[in-house]
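Novice: Following this message is one structure expressed as structure tokens.
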Amino acid sequence: MATWNASQIILNSMSNIIESPQSKPRPVMASNGASLFIPVTMEVPCDQGTRMWWAFLASSMVTFFGGLFIILVWRTFKYLWTVCCHCGGKNKEAQKVVNVASSQVTDGDYKPTDDKEEVGVAEVGWMTSVKDWAGVMISAQTLTGRVLVVTVFALSIGALMIYFIDSSNPIESCQNFYKDFTLQIDMAFNIFFLLYFGLRFIAANDKLWFWLEVNSVVDFFTVPPVFVSVYLNRSWLGLRFLRALRLIQFSEILQFLNILKTSNSIKLVNLCSIFISTWLTAAGFIHLVENSGDPWRNFENSQDLSYWECMYLLMVTMSTVGYGDVYAKTTLGRLFMVFFILGGLAMFASYVPEIIELIGNRKKYGGSYSAVSGRKHIVVCGHITLESVSNFLKDFLHKDRDDVNVEIVFLHNISPNLELEALFKKHFTQVEFYQGSVLNPHDLARVKIESADACLILANKYCADPDAEDASNIMRVISIKNYHPKIRIITQMLQYHNKAHLLNIPSWNWKDGDDAICLAELKLGFIAQSCLAQGLSTMLANLFSMRSFIKIEEDTWQKYYLEGVANEMYTEYLSSAFVGLSFPAVCELCFVKLKLLMIAIEYKSEKGESRILINPGNHMKIKEGTLGFFIASDAKEVKRAFFYCKACHDDITDPKRIKKCACKRLEDEQPSALSPKKKQRNGGMRHSPNTSPNMMRHDPLLMTGNDQIDNMDSSSVKRYDSTGMFHWCPAKELDKVLLTRSEAAMTVLSGHVVVCIFGDMTSALIGVRNLVMPLRASNFHYHELKHIVFVGSLDYIKREWETLHNFPKVSILPGTPLSRADLRAVNINLCDMCVILSANQNNIDDTSLQDKECILASLNIKSMQFDDSIGLLQANSQGFTPPGMERSSPDNSPLHGVARQASITTGANIPIITELVNDSNVQFLDQDDDDDPDTELYLTQPFACGTAFAVSVLDSLMSATYFNDNILTLIRTLVTGGATPELEALVAEENALRGGYSTPQTLANRDRCRVAQLALYDGPFADLGDGGCYGDLYCKALKTYNMLCFGIYRLRDAHISTPSQCTKRYVITNPPYEFELVPTDLIFCLMQFDHNASQSRASLSHSSHSSHSSSKKSSSVTSILHTASANRQNRVKARDSRDKQKMGQAEKKWYTDETENNYPRNIQIKPMSTHMANQINQYKSTSSLIPPIREVEDEC
């Protein structure tokens, strides 16, 4: 009956349409009297009481399975055609080959005779071109393809929005296409989707797999129902929610638009899009079945749920909460929930935590640096750890640097740990951290490297492979320079030979401020200077590090040491009041009046080149705009040299009152060198050695035609390297410098340097050349060079020998520094310095064990006992030696008096400097100190005494170089013996020094100052040694001998009134004027090159160690101990004559230090006869005096 009523209603409606096509909808009465309002259109009438969902679903299913059936039939037909015609195809192909061959035989050229083949080829080409065109249209490789892909995605999201709007209506309802605006828009969208589907179908290589793709399935179940809706005048939500699956392609769309560039951002968007699209799609299915009901139950169990309630239900289901307020009632809904909860739970548990982690990390260390107006920033990269960053920030942000208006941006590819993060938060106002790599241009853009003031690259000083670490830093330099060639880069390098690779970078230019701080070069240079003046390594390390002043009231050695530690190196332009004065006069005025210690100036030549001159002497006159190098406690004190005015400040006694006056001076226009930005970019001070021939004093060495040049240097003999900065000899074979233990025992070495090396074939190279070069500087005369004896593994030394074979006075004893027999063979108790180095740092998990060999060797030497007969001999052969003190032999010691304990009976008195890798291991070197393990290195007794050195003290050079690159030039000039960029380029080319002929230009490079220690017990300064003032000593040494004093090396217990047996000394840097001296003090000084030392070895007192001066007062120094020197020379000659007589009986030839007949003034260690060897052994056993074997040498 109900079916008949529905049919009657439809017939009545159709009759109305036929009678009046323009009639409006009107109520139709059913047989049961019910009134139904049905919108009537021209096409098909809509009945609200009838459900037509099957028609919409059938359209999609017919489209999907119909197309799938056609594709399968076509593939089957094609396969059968290929199989059936396979044999026939072979016959045709064979016939074709025969025809071609016959055609070539008759005509000579191949001419196609089958016109049908031409048509086939043309048809295939047309189909291929259409397919290629469709592929280009839908690909993102072209602009058109990208626009089309983005448009399709945007329209899919629009269709999904229309679905959200329609979801508030019933699942199925009557709608007039001409009046429903949303249906019209949805129709337009789906027409576009249909066209795009056709392009994709044409471009697809495999039609079957294309038909089964997710995007194709979405089109099947969303496009056909729209056309059915127009025809039936009714709407069915159906499966339109499948458009949410298009969100999976969101990350691809953003990549096409170049919005997503990093892997983390792509991963984050992928996870979010998959999660959201799955959530929305599942919610749409639940919304459909719950609002429709089960078909087999005649849709009676439906419930009214909005789409958003379904989303809520799916979320609480995935999270396994399940409150129960909303739940599925239909069988289809519950069945779907059973399967969805398995996948949804897995997705929720894996995707959500990962999304939260990515979002958290991205907000923390992502993003880009925002530059602050008026504030500079630097980028720090490389080895970023808690230790390296804390050391860097401690020195860079030190309060003594005045106001540092620079922001520090750290860039590293690993996120910081909690401790490092806390350090960044502590300095959050000046420090920022970004996660990334300098090898990635995108990350360089994030930190604004193009606007950065400089880029600093830190190295891992404790790595197992130094060459690999240097290679990494060089790659960082290449990447940064490739991104921005003009950026200033300061990088740390571990190995000296790797600095050469930086010269291969086209945009690397040290004249523009680029610097490479070679840790091995400077570390070994510091240690080498300690061989010449013990304790100097500690003083220099403290000068170039920022230390806060620590006040101690007790009268202990720590009080005076810490007062000196507070001093640093600064630069400042000199006031015009100093113009025209000589360098010593300015130094005296600054020290006495301004309480400043000036040690060097920057000299600008007429060509505009700049050079750093260290204590140039009284011939140098100060010019306008001269830059001075000062030792002071803070930057404000150095400003006195810039503000000083003779008219206003001449009568002021308090230096704190010297401030800027009202006088108009030219200095006001000069920029301050204390600015964090480097002011001088000409780089001339590093263009050549620190001296220049045209500004040397007029002494006999440089006078043309002088006999000295003819006598000292022949044009046919090479004694110096090509730059004239170092002593040089022809390359020697390794076997010629080897000593056996017996040979070394028969050679009484004295005043030499013993270098103990721990290394093997697998150890990283130390770069011992950097230790030897400062000891072979040309500002020493040949007879002043200390003999160097290496004790260590021969396999390791062979690897280093290529860089050492051009240096004179070098010997090797294969053995181990832990062997007391080897140490006694090289007379370690008579050495001027024992250096302990280690290269065994590989594969050690515990960092505290990296120094085990060096610590064991140091303790081993200190526990050795010696016979004091050798010491008595040395003491008796040298006059004017204070009690408990002894001077080195003038023939072996370059400084004529570096203090050393006489009559050494215990190894504790042997001067030793030990290299440490781990700072905390310094506590094991001295057993009698009370240093706490947590004490900083510079506060420990071994470091204060100059017996320990660690590479960590060089960390401060990074910040010091950034604020003023002249500082690095000064320190390299002081510790390397005169290494220049030209010499580095030469070493990079040949990996060895090249000999050069002696010319006036190269000989002029010898005229540069050197560091020495001045004894106060006897000599011209003896009157000041007992209670005198340090300021009086400073002025007297400067006026009389052009010697610039800058520190004291004092006995540790000198302040104690009772006598002490302790021979340890500590360093006092830049003591004040009124500082009281004691007789046992040794004074650090910068002395001039002595041109007359080659004429007379004993022309100076062993106590004064003063250099030659053009002043007439220099003659008084020669006459002070003339008698003692003459007597000593007579003893030397008598002893040498006896040795020559005994050597005539020798049966064995020993090595010569240089090639025979090549160097007329060579050193020869003369052989001994068997009788003399037995006699020496007898002397050793009976504690008799051993006559030392002297070296026969001529002076150069």
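Cβ coordinates come from backbone N, Cα and C, glycine included.
Sharing the features that Swiss-Prot gives for it:
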TRANSMEM  53-73  transmembrane segment
TRANSMEM  147-167  transmembrane segment
TRANSMEM  183-203  transmembrane segment
TRANSMEM  208-228  transmembrane segment
TRANSMEM  233-253  transmembrane segment
TRANSMEM  269-289  transmembrane segment
MOTIF     320-323  motif 'Selectivity for potassium'
TRANSMEM  336-356  transmembrane segment
BINDING   GLU407, GLN430, GLU432  Mg(2+) binding site
REGION    581-601  region 'Segment S8'
REGION    672-697  region 'Disordered'
REGION    748-768  region 'Segment S9'
DOMAIN    750-894  domain 'RCK N-terminal 2'
MOTIF     914-936  motif 'Calcium bowl'
REGION    1098-1149  region 'Disordered'
COMPBIAS  1098-1119  compositional bias 'Low complexity'
COMPBIAS  1133-1149  compositional bias 'Basic and acidic residues'
Novice: I need to check the long-range neighbours of the transmembrane segment (208-228): which residues 6 or more away from its ends have a CB within less than 8 Å of a CB in the stretch?
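Specialist: Same-chain contacts beyond the ends: 55-57, 59-60, 63-64, 67-68, 71-72, 75, 159, 183, 186-187, 190, 193-194, 197, 200-201, 236, 238-240, 242-243, 245-246, 248.
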Novice: With a Cβ cut-off under 8 Å, give me the same-chain residues at least six positions beyond the ends of the transmembrane segment (233-253) that come close to it.
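Specialist: Long-range Cβ neighbours of the transmembrane segment (233-253): 39, 41, 43-46, 52-53, 56-57, 60, 140, 149-150, 153, 156-157, 159-160, 163, 166-167, 169, 171-177, 180, 183, 214-215, 217-218, 221-222, 225, 260, 266, 269-270, 273-274, 276-277, 280-281, 283-285, 287-288.
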Novice: Determine, for the Mg(2+) site, the additional residues of the same chain whose CB lies within 8 Å of the mean position of the CB atoms of GLU407, GLN430, GLU432; present them in sequence order.
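Specialist: After dropping the recorded site residues, what remains is HIS377, VAL406, ILE408, VAL409, HIS427, PHE428, THR429, VAL431.
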Novice: Using a Cβ-Cβ cut-off of under 8 Å, list the residues of the same chain that are 6+ residues beyond the ends of the transmembrane segment (147-167) and lie near it.
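Specialist: Contacts of the transmembrane segment (147-167) (Cβ under 8 Å, skipping residues fewer than 6 from its ends): 137-138, 140, 182, 185-186, 189-190, 192-193, 196, 222, 235, 237, 240-241, 243-244, 246-247, 249-250, 253, 256-257, 280, 284, 287, 306-307.
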Novice: Restricting to the domain 'RCK N-terminal 2' (750-894), what is the model's mean pLDDT?
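Specialist: Here the predicted model's pLDDT, averaged over the domain 'RCK N-terminal 2' (750-894), is 80.
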Novice: Excluding the flanking five residues on each side, which residues at least 6 beyond the ends of the transmembrane segment (53-73) place their CB within less than 8 Å of a CB in that stretch?
Specialist: 171-172, 207-208, 211, 217, 220-221, 224-225, 227-229, 232, 236, 238-239, 292
Novice: Which three-state DSSP class does GLN430 (Mg(2+) binding site) fall into?
Specialist: coil
Novice: For GLU432 (Mg(2+) binding site), which residues in the same chain are close in space, meaning a Cβ under 8 Å from its Cβ, but six or more apart along the sequence?
Specialist: TYR369, GLU407, ILE408, VAL409, PHE410, PHE424
Novice: On a count of neighbouring CB atoms within 10 A, which of the binding-site residues GLU407, GLN430 is highest?
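Specialist: Compared across GLU407, GLN430, the most Cβ atoms within 10 Å surround GLU407.
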Novice: For the motif 'Selectivity for potassium' (320-323), what are the DSSP-based totals of helix, strand and coil residues?
Specialist: 0 helix, 0 strand, 4 coil
